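A.B. asks: The structure is given below, and queries will be raised subsequently.
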C-alpha cells in the first residue's frame, strides 16, 4: 500500500485534482481510499456526489467521543468503490483543525480502515504546514508528497514552503517529494517555469494539467471529469497523471530555494519586473 498526500495553496484546485486523479486510479483497477484533511470537508464530494461528507470530528462530537464511532459511519464507499473519509475540524475561530487530522487518522488505523488498499491519499490544506496539517508528513503516514501549483507567484511560494516541510521530516522519516503537479492558470511560459522550479527543488513536474472548462462543468454536477465526460481530453490528462504516479520512481528529498531565488526566477521568466521587488522583500522580511 502506498500512502500519498496532495498539498498546495488554497484555491489551487488541489481537491479537484486529487479526486479526478484517484478516480482515474480506481478506473485502472487500483483500490483507493481518500482521507480529506481540510476543515471544508470537500475532498470527497465529486466521488460521493454530495455537498460535503459528514466528518469524523462532527460525528464524534455528536456521539460523545471517537471511540463511540463505527467505521461504517465515517467511511463511505463512492464511485468505482473508492473509500471516502473526511477528518473535518472545529467551527471557525475555535480550536485547531490540525488536531482533527491527527484524531481521524489514528482512529482509522485502529479501526482497520487501511486493509486491502493499493493507495491511501490525503488531501491537505497547504498554505501553511502547521503541526496538525503536517501530521501525514511528520509521522510518516504519507510516504509521497505531490504539490499542486501553478505559474502564479503565491502558488509557487506555497509550493516552496511545503517543500521545506518535506525536507524537515525527510531525513528523520521516509517521506519524499514525488513531484509538482502544474494545474494551469494559463500564465506566460507556465510549463517552462514550473519545470525550472521543480529542477531547483530537486524534483520533477510530474504532469501539466491544461485549463479546461469541462472541469467546472463536472464540478457543478458534483462529478469528476472521468465520470462526467470520460472521452474528453481532460479526462485523459488525469489518466496520464494517475499512471505517472502509479509508476513514479523519482521520490526525492527536496532542496527548497530562498525567497530571493524565487524572485530571480520570476524575473527571469518575465513574470515579475524589477520594480516589484518590494513585494517579495516584504514577504522575505516576515518569513
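In case you wondered, yes, glycine gets a Cβ from its N, Cα and C as well.
The feature ATP binding site is assigned by Swiss-Prot to 8, 9, 10, 11, 12, 13, 14, 15. The [4Fe-4S] cluster binding site feature in Swiss-Prot is assigned to 96, 130. According to Swiss-Prot, the ADP-ribosylarginine annotation covers 99, on the basis of similarity to another entry.
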A.B. asks: I'm trying to understand the geometry here, so how far is the Cα atom of residue 15 (ATP binding site) from the Cα atom of residue 99 (ADP-ribosylarginine), in Å to the nearest whole number?
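C.D. replies: Their Cα atoms are separated by 20 Å.
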A.B. asks: May I ask you to report the DSSP-based helix, strand or coil state of residue 13 (ATP binding site)?
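C.D. replies: The residue in question, residue 13 (ATP binding site), is coil (DSSP, three-state).
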A.B. asks: Please report how many Å separate the Cα atom of residue 11 (ATP binding site) from that of residue 99 (ADP-ribosylarginine), as a whole number.
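C.D. replies: Counting only the Cα atoms, the answer is 22 Å.
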A.B. asks: So how many other Cβ atoms are close to residue 10 (ATP binding site), meaning within 10 Å of its Cβ?
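C.D. replies: I count 14 other Cβ atoms within 10 Å of it.
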A.B. asks: When the number of other CB atoms within 10 A of each residue's CB is tallied over all shown chains, which of the binding-site residues 8, 11, 13 has the maximum?
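C.D. replies: Per the Cβ count within 10 Å, the most buried is 8.
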A.B. asks: Taking the Cβ of residue 99 (ADP-ribosylarginine) as centre, how many other Cβ atoms lie within 10 Å?
C.D. replies: 16
A.B. asks: Within 10 Å of the Cβ of residue 9 (ATP binding site), how many other Cβ atoms can be counted across all chains shown?
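C.D. replies: Around the Cβ of residue 9 (ATP binding site), 23 other Cβ atoms lie within 10 Å.
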A.B. asks: Using all protein chains in view, find how many other C-beta atoms are within 10 Å of the C-beta of residue 15 (ATP binding site).
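C.D. replies: Result for residue 15 (ATP binding site): 23 neighbouring Cβ atoms inside 10 Å.
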